[in-house]
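Undergrad: First the structure, then my questions, so here it is.
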């Protein structure tokens, strides 16, 4: 199996792991919050990150991966920014309607495209932009129901979009700049993310729910679902860094909308959530957008591979052409020397002839 095939297989595995684990944790958390009334989302996320760090520390001690330290300021800034973005997304949901919150999540893709174009010089073809537009239209039809605007909620949503985009772009660029794996980056940034949310989580949850997380009655069933959610989160956090590292922040967001469509479908099938023709139409349009995006990305990657191969062959040909004159000089000198030899030998033959 070639290196390209291994990379493709690893990417497919990362995407699959991300989808399965994310859909699983959404269903688990939905049961935890809707049925068991544990509504402290930010604090729960901090526990997720703490358990993830502990599990990675055990994996490090068992030598499943190698610790690779790099610039501490970059790790700290990245970890704190990730924690802030999670807190802001939860605040956005708390101070806005569900429909406006879904619009906030939809805004992450165009914002990421804009930031990568301006600051990283990345170019997105018209075909990719068209596919993303179809995708966003479908998800918007399926999820956005009501749009109730307020100044504070809009400002929080704006901050949530910016911080999420920057954090996801940094996830990709840090892995490439410092040549660290997704596991190494997650291990080093997890403590800062967890600390940020452990400190801010109880206050945010108190602000949003008017309840104290430490005053909640923890039954056996609630505890079991919290533990299950924390265990699934290990896979969610790992696959998030893995997907962004292997693909791009935009592809990760496209995958996120696929998860949204799957959650809607599973919610209807398993939990009997209300489902309308608008949801079905939106999911179908979104799936068309995802298929087009995947197809165009594959097509452009193949074109890049062909162009890279042709450029390398041209460089090789140019090197051969550069080496030809030297060969010609050597051949020419050999011919000249042989002609000189013949000329020098010709009088000898004539003398003998005489």
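Along the chain as shown, residues are numbered 1 onward.
The backbone N, Cα and C atoms fix where each Cβ goes, and this holds for glycine too.
From TrEMBL, here are the annotated features:
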- 21-294: domain 'Sugar phosphate transporter' (DOMAIN)
- 334-354: region 'Disordered' (REGION)
- 12-32: transmembrane segment (TRANSMEM)
- 38-62: transmembrane segment (TRANSMEM)
- 74-93: transmembrane segment (TRANSMEM)
- 99-121: transmembrane segment (TRANSMEM)
- 128-145: transmembrane segment (TRANSMEM)
- 151-173: transmembrane segment (TRANSMEM)
- 224-245: transmembrane segment (TRANSMEM)
- 277-296: transmembrane segment (TRANSMEM)
Undergrad: For the transmembrane segment (74-93) and the transmembrane segment (12-32), does the number of C-beta pairs under 8 Å, pairs 6 or more apart in sequence, reach 3 or more?
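TA: Per Cβ check, the transmembrane segment (74-93) does not touch the transmembrane segment (12-32).
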Undergrad: Short question: which residues 6 or more past the ends of the transmembrane segment (224-245) have a Cβ under 8 Å from it?
TA: 14-15, 17-18, 20-22, 24-25, 28-29, 31-32, 36, 38, 44, 47-49, 51-52, 55, 168, 171-172, 175-176, 181-183, 185-186, 190, 218, 251-252, 255
Undergrad: Based on Cβ pairs under 8 Å, which of the stretches 38-62, 99-121, 128-145, 151-173, 277-296 lies most in contact with the transmembrane segment (12-32)?
TA: 38-62
Undergrad: Is it the case that the transmembrane segment (99-121) and the transmembrane segment (277-296) have 3 or more CB pairs under 8 Å, with pairs at least 6 apart in sequence?
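TA: These two stretches do not touch.
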Undergrad: Report the mean pLDDT of the predicted model across the domain 'Sugar phosphate transporter' (21-294), rounded to a whole number.
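TA: Averaged over the domain 'Sugar phosphate transporter' (21-294), the predicted model reaches a pLDDT of 91.
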